[in-house]
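J.: I grabbed these lines from TrEMBL:
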type: DOMAIN; residues: 252-397; note: domain 'O-antigen ligase-related'
type: REGION; residues: 487-513; note: region 'Disordered'
type: TRANSMEM; residues: 20-41; note: transmembrane segment
type: TRANSMEM; residues: 47-64; note: transmembrane segment
type: TRANSMEM; residues: 76-94; note: transmembrane segment
type: TRANSMEM; residues: 130-151; note: transmembrane segment
type: TRANSMEM; residues: 158-178; note: transmembrane segment
type: TRANSMEM; residues: 209-230; note: transmembrane segment
type: TRANSMEM; residues: 242-261; note: transmembrane segment
type: TRANSMEM; residues: 267-285; note: transmembrane segment
type: TRANSMEM; residues: 297-316; note: transmembrane segment
type: TRANSMEM; residues: 384-404; note: transmembrane segment
Amino acid sequence: MRTTAVVGGAGEMDRLKLSYLFYITGWTLFCGLLLGGGVANVYLTNALLQLLALPGLVAALWRLSVVGPTPAARPVLYLIAAAVVLVMLQLAPLPPGLWSALPFRDRAVAALSAIGEAKKWAPLSLTPEATLAGLATLIAPLALFLSVISLSFRERRMLTLIALAFGFINAFLGLLQLSQGPESALYFYKYGGRGDSVGLFANRNHEAALLYSLTPLAAAWIGGLAPAVSIRSRRGKLDTTALIKLLTAGVTAFVLVVAALMTRSRAGVILLMLALVGGLSLQPWRQLRTGSSRAGGVYMIVAILAMMLGLQYGIYKIAMRFEEDPFGDARIAIGQATAKAAVQALPFGTGLGSFVRLYASIERPGDLLPDRFINLAHNDPLQFALEAGLPGIALILGFLLWFISRLRPIWQSSKAGLDEGGPGARGAVPPDASVIDTLIARAATISLALLALHSFVDYPLRTTALMGLFAFYCALLVGPPEAAGHLSSTNSPTHASGARRERGPSHMSKQAR
């Protein structure tokens, strides 16, 4: 029999409330997915998005100053600070004798000499305006990451549901676009994507990236909900609400997989297969025998049916895409030219956002495409190395080391690293933690790995929507502060301190159940 002590009732009620930061974060996530479907430094909608995300960034910084970052989040904060410093250094004026000696400055020197300004100070970046614009595109992703690491587990779960709901709608929109043809009024970008399933994106590859990266999250919810439904049904107490939630998760996963196949993105289809395999690892096979088999069975049925339907209607077009020369768009030539320029630009690079201007000066006539304008390298790590030099490479390696360091506590611990919340909080798992949080954290590692792999053959993280989703996944790898469950209902440091004082009675209430 389950009883609840009266002691600490106020603290329990506080934990059921959602913080103001949750609503701001949900708004930022929604706006990012809605408006960030184009390349971040091209479309006007992205400028609007950064303005809408500013309140979220301010609120996140304020909350972080109250709660403080967890040990697992600090390395990422250091990397963020280093990236901002790097941009500032690229924009800092340098004396003419210094900047004119840097690689790829000969044309700029000649132009300034022709107008009598050869002794003008200039920044390290070839395109300072593009570098500054690139810094602005980080507002929404930064707001998401800094906000989510300060939220409770319950609030994070709700944010994953928002992301999945958006993915479902976006997938359905893409299928409608296919059914209406290239002249459909449902396409929101003038160039690119006509005739393809792109949803709110300008590119089918990025639509596929959204869908395959959300698939592990849907699998996590299936793995978390199915055992509970199975156990209660064995006891003759079928929970209709839990069953509806499980069916919703299954339908969402089904639609995501079908829509991802219909994008006809070669990289997207391959990475979707990896996402489905990763989803199998999220099913709790070793726990609660009957419940586990039910979870795995539900997931496998959803995956198989989605694959059958998607391939039945899209196999011909998918096969045609794979018959095309994967390097027919000169990606090999672009990559070779970019790599050569990156070596020449060492150690400082040419400046963030300088690729277009630089590549136009080094492109060989034989690599020109009659109907294409090369504005990206289709290899984000390589392009970042060109633009940011050795400091940029160090940032990539630093992030990779942090990501690897998070894999062990997330995949080997039954609590997914949830017991590392605040300073000295070992074993103090927040009261709102549940099994689904373990699965969500593991799903986030899969999605991050898939997006990183995709970045070697395309530029998914150049869109604000996917950049924000990437930041969201990173935040899910970090446990919330020790008192996140208590702080979630507060709006001031005074309330926060009061919530900390309630921790003892609230904990007694949990033990009395």
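Every residue gets a Cβ built from N, Cα and C, even glycine.
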J.: How about the transmembrane segment (267-285) and the transmembrane segment (76-94): at least 3 CB pairs under 8 Å, pairs 6 or more apart in sequence, or not?
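T.: Taking Cβ pairs at least 6 residues apart, the transmembrane segment (76-94) and the transmembrane segment (267-285) are not in contact, as fewer than 3 fall under 8 Å.
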J.: Output the single range from 20-41, 47-64, 76-94, 242-261, 384-404 maximising the number of Cβ pairs under 8 Å to the transmembrane segment (209-230).
T.: 242-261
J.: Quick one: find which recorded stretch in 76-94, 158-178, 242-261 has the most Cβ pairs under 8 Å with the transmembrane segment (130-151).
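T.: Top-ranked stretch among 76-94, 158-178, 242-261: 76-94.
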J.: Do the transmembrane segment (47-64) and the transmembrane segment (20-41) share at least 3 Cβ pairs closer than 8 Å, excluding pairs fewer than 6 residues apart in sequence?
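T.: Output yes: the transmembrane segment (47-64) sits against the transmembrane segment (20-41).
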J.: Same-chain Cβ contacts of the transmembrane segment (158-178) under 8 Å, 6 or more residues past its ends?
T.: 18, 22, 25-26, 29-30, 33-34, 148, 151, 184, 186-187, 196-200, 207, 210-211, 214, 217-218, 220-221, 252, 255-256, 258-260, 262-263, 440, 469, 472, 476
J.: Tell me, please, if the transmembrane segment (384-404) and the transmembrane segment (76-94) are in contact, taking contact as 3+ Cβ pairs under 8 Å between residues separated by 6 or more positions?
T.: yes
J.: Take the transmembrane segment (20-41) and find every residue of the same chain, 6 or more past its ends, with a Cβ under 8 Å from one of its Cβ atoms.
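T.: Distant contacts of the transmembrane segment (20-41): 48-49, 52-53, 55-56, 59-60, 63, 130, 133-134, 137, 140-141, 143-144, 147-148, 150-151, 155, 158-159, 162-163, 166, 170, 188-189, 198-202, 206, 210, 353, 375-376, 459, 462-469, 472, 488, 491.
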J.: Over the domain 'O-antigen ligase-related' (252-397), what is the model's average pLDDT?
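T.: Looking only at the domain 'O-antigen ligase-related' (252-397), pLDDT averages out to 80.
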